[in-house]
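Annotated features in Swiss-Prot:
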BINDING   Cys60, Cys62, Cys75, Cys78  Zn(2+) 1 binding site
BINDING   Asp535, Asp537, Asp539  Mg(2+) binding site
BINDING   Cys890, Cys967, Cys974, Cys977  Zn(2+) 2 binding site
Amino acid sequence: MLDVNFFDELRIGLATADDIRQWSYGEVKKPETINYRTLKPEKDGLFCEKIFGPTRDWECYCGKYKRVRFKGIICERCGVEVTRAKVRRERMGHIELAAPVTHIWYFKGVPSRLGYLLDLAPKDLEKIIYFAAYVITSVDEELRHNELSTLEAEMEVEKKAVADQRDADLEARAQKLEADLAELEAEGAKSDVRRKVKDGGEREMRQIRDRAQRELDRLDEIWNTFTKLAPKQLIVDEVLYRELTDRYGEYFTGAMGAESIQKLMENFDIDAEAESLRETIRTGKGQKKLRALKRLKVVAAFQANGNSPMGMVLDAVPVIPPELRPMVQLDGGRFATSDLNDLYRRVINRNNRLKRLIDLGAPEIIVNNEKRMLQESVDALFDNGRRGRPVTGPGNRPLKSLSDLLKGKQGRFRQNLLGKRVDYSGRSVIVVGPQLKLHQCGLPKLMALELFKPFVMKRLVDLNHAQNIKSAKRMVERQRPQVWDVLEEVIAEHPVLLNRAPTLHRLGIQAFEPQLVEGKAIQLHPLVCEAFNADFDGDQMAVHLPLSAEAQAEARILMLSSNNILSPASGRPLAMPRLDMVTGLYYLTRLEEGAKGEYRPATADAPEFGVYSSPAEAQMAVDRGELTVRSKIKVRLTDQRPPKDVEAELFPEGWQRGDAWTTETTLGRVLFNELLPADYPFINEPMPKKRQATIINDLAERYPMIVVAQTVDKLKDAGFYWATRSGVTVSMSDVLVPPEKAEIMERYEAQSDQIEKKYQRGALDHQERNNALVKIWQEATEEVGKALRAHYPADNPIITIVDSGATGNFTQTRTLAGMKGLVTNPKGEFIPRPIKSSFREGLTVLEYFINTHGARKGLADTALRTADSGYLTRRLVDVSQDVIVREHDCGTERGIVVPIAEKQPDGSIIRDPHVETSTYARTLAADAVDANGNVIVAKGADLGDPALEALLEAGITEVKVRSVLTCTTGTGVCATCYGRSMATGKLVDIGEAVGIVAAQSIGEPGTQLTMRTFHQGGVAGDDITGGLPRVQELFEARVPKGKAPIAEVSGRVRLEDDDRFYKITIIPDDGGEEVVYDKLSKRQRLRVFKHDDGTERLLSDGDHVEVGQQLLEGAADPHEVLRVMGPRQVQVHLVHEVQEVYRSQGVSIHDKHIEVIVRQMLRRVTIIDSGSTEFLPGSLTERAEFEAANRRVVAEGGEPASGRPVLMGITKASLATDSWLSAASFQETTRVLTDAAINCRSDKLIGLKENVIIGKLIPAGTGINRYRNIQVQPTEEARAAAYAVPSYDDTYYSPDSFGSSTGAAVPLDDYGFSDYR
């Protein structure tokens, strides 16, 4: 077998009959499979051992040679080679066809490649191939021309003979008629008898004339057809064809079926054809030119790569190895067989019958029919169902052909090449493990024993617990006591991977250090649940074991959960306290007024009370019951850093550990601050979830990961501890219904009655009434909510849970205790009947029924959304999978300008709300300079939180940053343009697969995006697409529904308004031609935008618009934006529009991820004029290739090609990728492979998918060449240590530890990797 690491590209082409015979180990002559009595393969059949190899290792068919010592001998009795049985997986056979057949992919695919090559319409081609018409393959023009006059004379003679014969017949008949009439007259017959005889005679004369005329016409037709006869001409009339061959057989040849196609191809001059097509393109117009372009694509493909078009017509069919189409015996003696065997059998049967018919010299019509059936059976083998009805097996099920084995989710590509099952893995239910550290997981003993079995066995032998591996295996299987100690030893320091399906982003697989636990459930650390999206209601997770040293190192350094605290999408921490932990910490840091032992300042008659010299003293008071953790106290602190303002006041030189200061706080807050790093400023406020998030964020920004990991672990422990002691529970008695509710409802009932009355009187129409009712009940619901809020005490558990941010929101509380309010029907419109009850009071039957609408729609939506979102992710991954960080800096000067703040009229600055997702974590492309010209942040700096704060303080409103969109790296991107990796908070590493990270970051929140298209408060307008469909629409670059026109020029607007449509005319500033937008529907409203005076109002007559500005509400068509504004603007437009959707759902994704995808959509150029280059006009080509070709041509003094940037949807862009392996495994497998084979495409194996398919290491991360090819030169000490002979009393045999032996996160910040760059 060939090793995948020894080739750099994979080429696909057309196989000729010789290739097929060369691969083959013998011809399959019989349709038999195996002998049903002996169960041995039949000789010369589809499973023949002579052709495909022996079924048993080192054993021939007849049993003469058995044993490995006869290796390579070919048995002289049965002809079987003595070798391994696994050759039956790789040896092919072939079937020699008695008549050539065409390959259905090239004839039937759209467009028909065979049709384009031969310039035949697919309909005609079908007639020829399936024996419904003859085609002229060649004409001897010269001979015909030379002998034309002779032939014409002969024809004239023949015609004259016919005419003479006719005249003679007529004459004879006329004479007979005259004689008959004379006779009748003599007999004195009646006149009607005479008339009858006369009519009869005339009728016969007419028939003679007609017959002669028909014969003359036929001769004319034969002559005309012959004189105009040309190759590739179809003759459907069989009689005509036979006449032609009888008369003029030596002047032309014709045939039907695939043979004729083969003959046409033999005479086909590719170079001449290509030249004439190029000429047509240069001079032609319209349809003719288009057709020539399409044909040239196919012709040029054959011309360029020396592929022979003869490969599209087969003389021999390959037979794939028998192990790939197995036949197995089921219990009960029946056989299950692969469909391919049935298809092959049909081909062989028909082929053998055809051979016999030809030998017998059967009539042509019978032979042709058999040839047609052979053609059909080969079609079914290659692609069943592509033409006509598919061949069905038992139970009317279409048989799976070779094409079906490659296609779709169950096909070879997606099922076996892109996803394989692996060993050293297991799965089990997960339960929570609150005692674990962040980098640990609990692994059930039995599971660990099975996973680590080989390691345990080896160790048992090393320690002499067992004599050999076999007995060690027995020990493990019987679970002897010493096995467990060995298992503990083996497991230490060996990380395992945990994965929860669906793996929507890269945090769906993380590494942990296993801790052995009793039971059969995997224990999971509570903080990683968010990343896995796991809960403990029966979820299962899979465990995988990294085996090699490299795999373990990668797992420990890159995948350990404590190194993956930040989200790769937004760079914000994912491992942060939730639910109970939040409640506990919130409880701990709340201040309770009037609690026991609270601080009282000194008065005239009493000293101050509740002052403590240290937190320890306060803790003693709590233990004695004199104080609670939530009472306000005054305490002296020495181990905790004061807040910034206090520090500046008390310790101008800076606080040192041990410096004392006092503050008014609660003991709970002091305890909370003890969980944070010692030099973190003291925080004296309650801690809801939002606040906790900002703290962890800040820690991630300013401290090493190892500290963050330890801190969140401490927060988790404290959170659970105090949640238990807070006594937060929910009971019916906590759900308080506000007493004012009845009065509020009465007031609004009255208002709604009024509306009803007006409606009854006819003062309002249906729509107005509904709108009014909706408005009234929305107000009522709000008012009940306010009353509810006021009515709840602060220590109510439900309010505590909501306020702390643990879970739930106020709307849910209102639903429980206040009123549910208005609900929507499945179309998304409000039902004007409110639900007046709360769940605490219980709903009426009607209310319950109305409520089920929305609830049920929610469930249906979620199910649909999950599938849609998964498919979107798949397309995104496919389009961006080869975007890998390839170099450190591409050196470009370009960048994009992003706003970071907005100047207010009073001169103050408001921070832009989207800085987090647009500017943060990028590299500056130019110095950021303030109003006085001072450089605040230098070019090339990384914009973290501190840098952004500095910019805002200096009053800078926008900065120029590097972006993926402007990166000039040929394949992939450079690290500087990409900026910081969101997941590590440092500049992205070379080899990082940023394309896949981007796809996952966009796809993972897809499920949260809403499905429905929004109605504007029940207004019957054009729906505005929102949510997931809008994201798909943008990435697929579709023309949006209800698209809004954009201004093509800057100028003044003239707005004309009739009853149904708007007409907008723009008068350009530069005095060019006016631009008119006609028939704009009134249902799309005019767009609101800022005018020169700073006010916002609708577009109106006389306004001034800038180029590219939207004129109506709705979405602009990205293709128009590209045409009017150019590629840069359309990129910005797409990024902004996608972000709009995600932001509206509160999802935070960094712009750079969307930019990576958008960059892939704009990578190609359509060639308008090819100049002196090789490009074909109208073809798509990579921008980099296009520019390189132009530079080359210009350097040689030629004419460069001109092109237009084109925006491709992600599906189209994936299919247009350079890698045919990647495209074929994505969609439309057969079409991609057909094209690739004709073009003789070569896959350079640059992206990830191609390498996964052929089984190489992917060229990303540590698989990239610069890391694969490192060689380490050991230092003298290292060499001495490596080659030392250890003695037994050395520490050599004590378990060596990596880092401290806690196995905590590796402090990567302490290692410099700069030498490897």
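Glycine is treated like the rest: Cβ placed from N, Cα and C.
The shown structure was predicted, so the numbers you read here are calculated from the model rather than taken from an experiment.
For the recorded site, Cys977 (Zn(2+) 2 binding site), the DSSP three-state label reads helix.
Cβ neighbour count for Cys977 (Zn(2+) 2 binding site) (all protein chains, 10 Å cutoff from its Cβ): 29. Under the three-state DSSP scheme, Cys967 (Zn(2+) 2 binding site) falls in the coil class. Same-chain residues that are not part of Asp535, Asp537, Asp539 yet have a Cβ within 8 Å of the Cβ center of the Mg(2+) site turn out to be Ile430, Ala534, Phe536, Gly538. The Zn(2+) 1 site is defined by Cys60, Cys62, Cys75, Cys78, and by the 8 Å test on Cβ atoms against their centroid, the other residues of the chain that qualify are Tyr61, Gly63, Lys64, Tyr65, Glu76, Arg77, Gly79, Val80.
With every protein chain in view, the residue among the binding-site residues Cys62, Cys75, Cys78 whose Cβ has the most Cβ partners within 10 Å turns out to be Cys75. One residue stands out among the binding-site residues Cys60, Cys890, Cys974 for having the most other Cβ atoms within 10 Å of its Cβ: Cys60.
Rounded to a whole number, the C-alpha distance linking Cys78 (Zn(2+) 1 binding site) with Cys967 (Zn(2+) 2 binding site) is 66 angstrom. Taking the Cα of Cys977 (Zn(2+) 2 binding site) as the reference point, the closest of the binding-site residues Cys62, Cys75, Asp535, Asp539 is Asp535.
Within the same chain, the residues at least 6 positions away from Asp539 (Mg(2+) binding site) whose Cβ sits under 8 Å from its Cβ are Val429, Ile430, Arg500, listed in sequence order.
The Cβ of Cys967 (Zn(2+) 2 binding site) lies under 8 Å from the Cβ of Cys890, Thr892, Val973, Cys974, Cys977, Tyr978, Arg1159, each on the same chain and at least six residues away in sequence.
Cβ environment of Asp535 (Mg(2+) binding site): Cys529 lie under 8 Å away, each six or more residues apart in the same chain. In this structure the alpha carbons, written CA, of Cys60 (Zn(2+) 1 binding site) and Asp537 (Mg(2+) binding site) are 58 Å apart.
In this structure the alpha carbons, written CA, of Asp537 (Mg(2+) binding site) and Cys75 (Zn(2+) 1 binding site) are 64 Å apart.
Around the Cβ of Asp537 (Mg(2+) binding site), a 10 Å sphere holds 5 further Cβ atoms from the protein chains shown. Other residues of the chain with a Cβ within 8 Å of the Cβ centroid of Cys890, Cys967, Cys974, Cys977, the Zn(2+) 2 site, are Glu887, Asp889, Thr892, Arg962, Val964, Thr966, Thr968, Thr969, Val973, Ala975, Thr976, Tyr978.
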